Amino acid sequence: MVAVTPTAGVPTGPAPTARRRPGGRTLLRLLILVAIVAVVLYPLIWMVGTSVKSQEEIVNNVGLLPERFTPGNYTAGWSNFDVSFGRFFLNSAMVSLLTVVGNGLSCLLAAYAFARLRFRLRGLWFAVMIGTLLLPQHVLIVPQYILFRTLGLVGGEWPYLPLLIPQFLATEAFFVFLMVQFMRGVPRELDEAARIDGAGPFGIFRHIILPLSRPALVTTAIFSFIWTWNDFFRQLVFLSQLEDYTVPVALTLFIDSTSQSAVGPMFAMSVLSLLPVFLFFVAFQRMLVEGINTSGIKG
Amino acid sequence: MALTTAPDPTRRGPGTDRAHATRRGPGLRHSEGLAGYVFLSPWLIGLMGVTAVPMLLSLYLSFTNYDILTPFSEVRWVGLANYERMFTSDPSYWHAVRVTVTFALIAVPLKLAAALGVALLLNRAWRGVGLFRGLFYLPSLLGGSVALAIVWVNMFNRDGAFNSLLSLVGIQGKPWVNDPDWALETLMVLAIWQFGAPMVIFLAGLKQVPTELYEAASVDGAGRFRQFRNVTLPMLSPVIFFNLVLETINGFQGFTAAFVLSNGTGGPVDSTLMYTLNLYITGFTDLEMGYASAMAWVFLLAIAVITAIFFSTGRFWVHYSDGEDR
């Protein structure tokens, strides 16, 4: 038997004798992939289906979709607690958007220094930055809590400061690293040209690096938003008043009330909470997948 | 790359006259060095204030009996007592270690195997790749959220979707999330379900493998399996290594799903008491912040040691195609 060369994708077609086998293989592969897609999507579809089932159907109807469409779970969930879910969504949106701004600004500044400027101890600081990449946030949470509490910022006038201050100080080393990698791809000739035109480090940053770094900034913005929107640990630790809660912390309130009647509203609010991330996914699918690629592989 | 000799009027660099301009003049270097620290300052302040000082504080607290209620002036130095307690007289600590290691040892290899398997299926160029890749990646975006953990717990509960699927084939299910023997397994399945992120990285790695190698191998009579073993795996080993390190470290830090499943307790019967959840309970429920700090430091050291082990064994099986080992 002639070995079938697995060189699909190479324009020169395989020998005619081997034609039939790859066709069958491709079909089989497609079937397997479709089956995996079904497994992957099943929980998501079940989630959406359950969110529009009546309480009775949640227990009795095992199917994916409801027999009768019941949108009432959404209104019930929205006002299930003393504070409306609208407030929680606003809180989450504010924290996430400010995190986007903070990460974008501070990481870009640090990355420019690392990628382009010469200064004393640059190598050392860069190594330290890489070291913090793998530092688990759980290790820092206790002392950070103590520090922010001592400063009166936990549960203070504006309880989001402990969540936001680190984001304005470039502590997400992942984004700094991503931007450094990106800036290294910007031709240095542009810097030289600007320097000849009389630009200093600030001018080069303002007129060369900042405009050319837009793709890296967009990637950072999208990932910052999604990660912060989904983040639970820090928000759980630092937020203590119901009206300050973000969506993830508020969702856990449903678990406390274990009564069966809360399942529909709980699912409805879960679906709503995932909606922004899902929309981001639809809009920026390519960029998200490729952003992971370029940041993950290089270095 | 030598700097042009143009008499550049560097701002606030009075010393930049022509004499120094042959190389990078001291004036320029000075102003650039200054600018470097100006641009770096937010990061430096963050490093000190949010990372370094808290870490040192945490190290100090780990030798004290600090809880958040007593004022700093009354904090008592207890020496190694916290560490002693952790290693000798706290069964729930060792239980948490066991749960976490079990979770990582099972979930991480299975997740990576799923990621690699699907990546291999997807690696052949045809039109649908982009769509499949996107769909498989979706769980990685949503899976870490509280919302999805809630869905997951309900899916594996008594009336959940999983049992209704089982009943289709005549198996009587049970509330898996309430069963101490199965609760952690449902969390492993959740982790494996998020295979999309490492899969995307595997796909990128597979694209780098030169097709000539496969052609050469098939000329030599290697079948598909031999080609996978002798071409794909070695060529992919740096990416496998990268994913393995990353996913292991992530696996040790699982918190959200365990918190949601057990309503913050680590139950049923401590079966989902992940290390970070145990740390959270110790520090923020029991308020034993000194003890929690000691746990955090041991956690950090453990992760450092595991990473170091990965890197030192990596040289035996990670193959870099540029010929330079390591």
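Positions of Cβ are set from backbone N, Cα and C atoms, glycine also.
Here TrEMBL flags A:89-284 as domain 'ABC transmembrane type-1'. Residues or ranges marked as transmembrane segment in TrEMBL: A:27-48, A:88-112, A:124-148, A:160-183, A:204-229, A:262-284.
Panel annotation: around the transmembrane segment (A:204-229), residues 92, 95-97, 99-100, 103-104, 107-108, 112, 116, 167, 172, 175, 178-179, 182-183, 186, 190-191, 194-195, 247, 276-277, 280, 284, 287-288, 291, 295 of the same chain, lying at least six beyond its termini, place a Cβ under 8 Å from a Cβ of the stretch. Contact counts against the transmembrane segment (A:124-148), taken as Cβ pairs under 8 Å, peak for A:160-183 among the stretches A:27-48, A:88-112, A:160-183, A:262-284. Sequence-remote contacts of a segment are chain residues at least 6 beyond its ends whose Cβ falls under 8 Å from one of its Cβ atoms, and for the transmembrane segment (A:160-183) they are 91, 94-95, 98-99, 102-103, 105-112, 114-116, 129-130, 132-133, 135, 144-145, 148, 153-154, 209, 213, 215-217, 219-220, 223-224, 228, 234-235, 238-239, 244, 291, 294-295, 298-299.
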